Amino acid sequence: MEKRDMNAFPPPPSYTNAVRTQPPPNYFEERNGSYPEGYGLYPSLKLSNHPHYIPQYPPPVTAPQVSEISPPPKKNKNCCEEKGQIYKAAAAAVVLLALLGVGIWLGVYYGTRTLQTQNFGKPDYEYNGPNGGGQIVKDTCPSNTTQCDGIKDCQVGTDETYCVRFGEGNSLQVKTAENNFLPVCYSDWDKNYANQICSQLGFGESFYLSKIKSQSFTGLKLNNKSTSSPIQSSVTVSASCPNQETVSLQCVDCGHQPSANRIIGGTAAKSGDWPWQLSLHYNEHHTCGGVLISRHFALTAAHCFPTSEYLSAQKWKVYGGFLSLKDLPSPFLVEQIRINENYNSNTNDQDVALLKLKEPVTFSDKLQPACLPTFGQDFQDETTCWTTGFGTTVAGSSRVSNDLMEVTVDIVNTDVCNSRNAYSGAVTRNMICAGKLEGGKDSCQGDSGGPLVCQGQQDNLWYLVGITSWGAGCGEQNKPGVYTKVSNVLPWIHSTMQQERP
């Protein structure tokens, strides 16, 4: 990240930042969007072993205690003077009590807000409204809500948003009201229904439609020929699909890398190597990386928006399809910023945000999206992947590279990454580690919010596996980069894209 005006708002936490002094974060599991009491893998570890990627919170300052000294007793005056003194003392006591009450109320009000912010790891904003262009959306639902029945029960409608996903081979799967994802039978299917699905998901028109053999005998048949209704209300469960043929659907042409010659090790990229890489500029300064995932949407890290000021969409510009910050193309403007409502700024768990662009992107060899992983798609430990960005090669440096940098990193087993020698339990199930345990090149050469991409074995397409989130140092031994695990936040991504669809 570039140096910023220190009188302006503080920049988002960079890949390496101040030394963390908070207690070890718990190892959380996501259960219906909530975080129950977890446990640290090594709760007794000393704080010095923990990564230094999260800004410090100042210790609470205790207000000085002031003791009032009683004045020496005065000699008795006449009756009237005594009464006057009594009235004055009573009035002063009333005023003092009133001021004390106001002080206590202010202390409780603001003190409670401060404690909530620090204890629960939430940013210092909750909602910035549609006019501000950024928000954290929290839905409210009645107790009798049924998900994916085609009827909007919740206020924002989140009960009907994560009802479609893609499985192996881009198999279209729809969630039933019984809470099961089933493949959709190919019979009676056509391009119009494919376009309906992709539009429902926020992608626009579909890119590729085909049929595949299903391993499941149970499927979903169309019972409603209308293309205006959500797909979950247009299908019924069937004991089988004709010839076991089900729908395979791809909503966007993605994951292509026109230039295939790669150089192992940190080096400057060539034109078209990583066409999904974006540069996010706040107030005309490169601030974070980003990843293009469709014509209208991009992903980045939630910690790139540390205060409500950073949620002002008009202050951001997005650049793509270029190699040097000294030669920027015309920018894309931002219409909306959405922060994952489960993001925890203390642990960086679920560190992901979605940007909606004002105008659709025109794809080219230099500018096209990375593929989102499909459900169940997994990249094994020690898989060689790539991370890119306008990062630094020196730990703690505030200067970024003018040129797009690239480096190979290997996926590291989570248990190894959580060991005492590495991050001591700070890596949650929503994170993935990648780097070289022996040290060397690392994702500090990338940007916060930038991509970790791996190539599919069967289709050779490039999939977005991680979003650069945090780490310790730059290429230090046993300190690989830590990324948001995209496969674990897919429900939020698809749901939010559907809510913000053009």
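Numbering starts at 1 and runs along the chain as displayed.
Each Cβ is built from the backbone N, Cα and C atoms, and glycine gets one as well.
Per TrEMBL, the feature region 'Disordered' maps to 1-32. Annotated transmembrane segment per TrEMBL: 86-110, in sequence order. Among the features that TrEMBL reports, domain 'SRCR' is placed at 172-251. Residues or ranges marked as disulfide bond in TrEMBL: Cys241-Cys251. Annotated domain 'Peptidase S1' per TrEMBL: 263-498, in sequence order.
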Sort out the sequence-distant neighbours of Cys251 (disulfide bond) for me: same chain, 6+ apart, CB within less than 8 Å of its CB, listed by position.
Ile197, Cys198, Leu201, Phe203, Gly204, Ser206, Phe207, Ser294
Cβ atoms near Cys241 (disulfide bond) (within 10 Å, other residues, all chains):
24
To what whole number does the mean pLDDT across the domain 'SRCR' (172-251) round?
89
DSSP secondary structure for Cys241 (disulfide bond), reduced to helix/strand/coil, please.
coil
